[in-house]
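Undergrad: Sharing a structure, written as structure tokens. Questions coming.
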Amino acid sequence: MTLSAKAMAYDRWSPPPRDPDDDTPRLECGVFGVFDVEAASGLTALGLHALQHRGQEACGIACFDGQRFHTERHMGHVGDAFGGGDLNERLPGQSAIGHTRYSTAGGSFIRNVQPMFADLEAGGIALAHNGNLTNFLTLREQLVAQGAIFQSTSDSEVILHLIARSRKAKFVERFIDALQQIEGGYALVALTNKKLIGVRDPLGIRPLVLGDLDGKAVLASETCALDMVGARFVRDVEHGEMVVIDQDGVQSLRPFPAMQARPCIFEYVYFARPDSVVNGRSVYEVRKRMGRRLAQETPADVDVVVPVPDSGVPAALGFAQEAGLPFEMGIIRNHYVGRTFIEPTQGQRELGVRMKLSPNRSVLAGKRVLLVDDSIVRGTNSVRVVRMVREAGAKEVHLRSASPPIQWPDYYGIDMPDREKLLAANHSVEEIAKILNVDSMGYLSVDGLYWAMEAARDPANPQFTDHYFTGDYPTRLLDREIAEGRNQAVERQLSFLVDA
Ligand code: AMP
């Protein structure tokens, strides 16, 4: 079979292609919602600002003013889109939901930006979604075959279609009808003319919390957004729970069969903000413990521990404290790198990392340096950082990853490259040390990660989903299975043609 024929066969069922030079892994999304408060859009903008780390590509707010819905969706950062003083005039009302986004399903154009809005028989509904549906393509195909017209390529729109088509009488029942057809990891917030609704997938893969702002309910992906708006943390929305908030208060529904929760362990490794408390655990404390355990598992004879900022900072601190070594900011991060800054010429592409990270020579020159990063995905960032630290005069460079080797892609809303591009899926630790040009390389063990989480690791009764490191996916992956089946069928046909 020719390579291009094979590539075409796979392409039909893969996500849209990316700029091949764009090595940045993608973030997922953040959601926020408030009900029955003054200046709901302004509060939502603040909440989204605190969730900016969960998606920097686009953002949107939908609100209801008692009569009408209003929606604004923009490419870019929350501050640029919603920082203006006239926000509550542009988007008036007492209830609102918002979304920050980096696409994990669907392309990057404005049609895919959320919240998505639909005018249903029963009234309007705005929906914001963090996560990824693993049976999205299958459902979409079925809906299209039945005559549905899609405005976007985002998996969230499927949920709106399923609600619209439900034959149940009441809105909440229709929503539940839709939820019972979707699979995957998700946290949803939805706004109707009467209600704010929050839903967490049956395993609680994606996070969602409930807060209280002077007696009014707030929903957010992370507690840092509650802190931002001055709301009190009430509790996590539980796995498989639907909270329905209206003038009568907060009602809790359980639309799914009861299951053991399996929240995503990568929220602690990389995604969540360190000042957030996710599923009852401080992200900062877990990351520091990851560093402590890393120091026990992979010690090194070095002069200084240096974090790869920002995400490597808590783990590097834990490592340094455990090992009794100095912790120094040997790399300084520039926080003002705009998304739109184009590197002047192709040849200067390597400057990319320096625009974001700069060596602090006074810390690095002549030293045996131990770098700590939170995780290594493709290794692109590590190659550049190690080179930069060597060029700044480090005598030795040792690298530690505060997460175990990432060997499996994610299908629940965290953007990761395919297995072929995951460094640790294709190389041994010794090979990785050579590729990254480090004097020694070390990863946290999976047991060590559980130790940091203060959780028992029992693969027979898992408490988290750790598929990145183990390949143990917590749900079936219907689209993937169908795509593989189709690709194999196409391959068989093509090889038959080639053989003939
Ligand atoms: P890489 O250069 O592909 O090895 O990416 C590793 C760097 O990206 C680390 O510094 C991580 O902090 C960060 N990272 C890890 N996972 C993700 C992700 N899914 N999205 C964005 N950045 C990530």
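Including glycine, each Cβ sits where the backbone N, Cα and C put it.
So TrEMBL has the following annotated:
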type: ACT_SITE; residues: Cys29; note: active site, nucleophile
type: BINDING; residues: Ser311, Asp373, Asp374; note: Mg(2+) binding site
type: DOMAIN; residues: 29-248; note: domain 'Glutamine amidotransferase type-2'
type: REGION; residues: 1-25; note: region 'Disordered'
Undergrad: At a 10 Å cut-off from the C-beta of the residue listed as 'active site, nucleophile', count the other C-beta atoms across all protein chains.
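TA: A 10 Å sphere around the Cβ of the residue listed as 'active site, nucleophile' contains 28 other Cβ atoms.
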Undergrad: Which of the binding-site residues Ser311, Asp373, Asp374 has its Cα closest in space to the Cα of Cys29 (active site, nucleophile)?
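TA: Result: the closest of the binding-site residues to Cys29 (active site, nucleophile) is Ser311.
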Undergrad: So which of the binding-site residues is most packed in, judged by how many other Cβ atoms lie within 10 Å of its Cβ, out of Asp373, Asp374?
TA: Asp374
Undergrad: Among all protein chains shown, how many Cβ atoms are found within 10 Å of the Cβ of Ser311 (Mg(2+) binding site), not counting that one?
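TA: So the Cβ neighbour count for Ser311 (Mg(2+) binding site) comes to 19.
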Undergrad: When the pLDDT values for the domain 'Glutamine amidotransferase type-2' (29-248) are averaged, what is the result?
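TA: Mean pLDDT across the domain 'Glutamine amidotransferase type-2' (29-248) comes out at 95.
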